[in-house]
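Data first, discussion second: the structure below is written as structure tokens.
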Ligand code: SF4
Ligand code: SF4
């Protein structure tokens, strides 16, 4: 049973989901520890860089559900599993089963570097491969295989690429053209993660989002795509746990 | 053929859709003239208050498609029909058929006061009944019937209520509880449609959105719901035609 435990860093909510295919959704968050990537601009590096290792709790699925209920009461019907890379954690399958038994839907985001059988049980799955600015390399064979399985299963899933610059946008386009039938989300990167002046941050986020919109609107190659900001950064700035 | 013409006020894009179920979507807009409502806070009153009546063009579906192509070129695969209330216009059915022939998807928003047979051809249909602050009254029988038809058809549709105050939020909850299986979107109202100072506007929109989030997050009655701002107002302020 020991290896059935899940390394958890944060449980909070309900709040709104700020990104991608579930943008705006009222949801609880469970943030797991550990990632196989080290993205240059990772906004949750504390999940893997050791800085929060004292806060990691090894919890069973039952303990997580009971903490979700003690924090969120009966005020939610949706849970988002995030990380780090929750796709590394085999025992999340059991957690998803427990949540479904309570009529709770589950969304999950992963960079798509590792397949788990329970991916097909996720109600809204976001695959977020990382563009060049992250300094990570995508394993396309793994992603091809993942998308093939999700497609066969009839899953509700999407691709989301965070875009900081032109090279990232080209990477996003290559990804879109490789999987033209998969719903595609572009998200403007938050280059101002250390900005604490709320007004300046809002204007920086706005102008990065507008830049991305302009690029995509002018292009014939981008036809069917959604372009979104990180909503929570607009509302709450760079605060954690909201 | 004369009555097959469509009263058009604006054709523009591509830009991003700022609201509801298609938020972030790259799309062209066709804004039709005429509305059977007079909402107190209507942000497109020029479509019905006579102030832009000289700009109305009576166009055939073919003319609209050809203008969409001349403005948007091959840079789009999605068109949003808005108003006013485009649900008043029988000949939009022909326009949707033409767009589908060119593999273009069609989204439409209406307050849901009038049924059209072609509603079942719309790819993403938003029904946006108006809350008390609009000073309009909802005809629930018409809406019941509309939702029944869309449900039977297996349409991709949703409800969206704009919320300015507590009474509006209660109206939204009543609507949600009347149609619990219909995807529900809440949108914070823009009470600052005359604000031209971009910084002030952003902060006002942010704080109204945060208020709405707080209300919904604290409530046990709101479980499965999406809460969104008007994205285009955040990006472009109160400018028209972007
Ligand atoms: S994959 Fe995600 S959690 Fe992992 S390093 Fe990159 S941004 Fe951070
Ligand atoms: S229904 Fe829409 S277009 Fe008509 S008056 Fe109300 S807000 Fe304006």
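Numbering starts at 1 and runs along the chain as displayed.
Using the three backbone atoms N, Cα and C, a Cβ is placed for every residue, glycine included.
Keep in mind that TrEMBL annotations are predicted by a computer and have not been checked by a curator.
In sequence order, A:23, A:24, A:25, A:27, A:80, A:107 constitute the residues six or more apart from residue A:17 (substrate binding site) in its chain with CB-CB distances below 8 Å. Secondary structure at residue A:17 (substrate binding site), taken from DSSP and collapsed to helix, strand or coil, is coil. Marked as substrate binding site by TrEMBL: A:16, A:17, A:18, A:31, A:82.
TrEMBL lists A:22-238 with the feature domain 'Radical SAM core'.
Summarising the annotation, TrEMBL assigns [4Fe-4S] cluster binding site to A:35, A:39, A:42. Annotation for residue A:35 ([4Fe-4S] cluster binding site): spatial neighbours A:42, A:47, A:48, A:83, A:84, A:85, A:88, criterion Cβ-Cβ under 8 Å with sequence separation of six or more.
The DSSP secondary structure for residue A:128 (S-adenosyl-L-methionine binding site) is coil. Listed in sequence order, A:20, A:109, A:110, A:111, A:112, A:159, A:160, A:161, A:162 are the same-chain residues six or more apart from residue A:128 (S-adenosyl-L-methionine binding site) with CB atoms under 8 A from its CB. Annotated S-adenosyl-L-methionine binding site per TrEMBL: A:41, A:42, A:43, A:84, A:128, A:129, A:130, in sequence order.
According to TrEMBL, the Mg(2+) binding site annotation covers A:44. According to DSSP, residue A:44 (Mg(2+) binding site) sits in a coil region rather than a helix or strand.
Only A:35, A:39, A:44 of the binding-site residues listed as A:31, A:35, A:39, A:44, A:128, A:129 bring a Cβ under 6 Å of any atom of ligand 1; the order follows the sequence. For the recorded [4Fe-4S] cluster site, residues A:35, A:39, A:42 set the reference point as the centre of their Cβ atoms, and the other residues of that chain within 8 Å of it by Cβ are A:37, A:38, A:44, A:45, A:47, A:48, A:84, A:130, A:134, A:136. Residues from the set of binding-site residues A:16, A:128, A:129 situated with their C-beta under 8 Å of a chain B C-beta: A:16. The two recorded residues residue A:44 (Mg(2+) binding site) and residue A:16 (substrate binding site) have their Cα atoms spaced 18 Å from each other. Closest in space to residue A:31 (substrate binding site), of the binding-site residues given as A:39, A:41, A:43, A:129, A:130, is A:43, taking the CA atom of each residue.
Residue A:130 (S-adenosyl-L-methionine binding site) has its Cα within 10 Å of the Cα of these binding-site residues: A:39, taken from A:16, A:18, A:39, A:82. Residue A:82 (substrate binding site) is 17 Å away from residue A:41 (S-adenosyl-L-methionine binding site) when you measure Cα to Cα.
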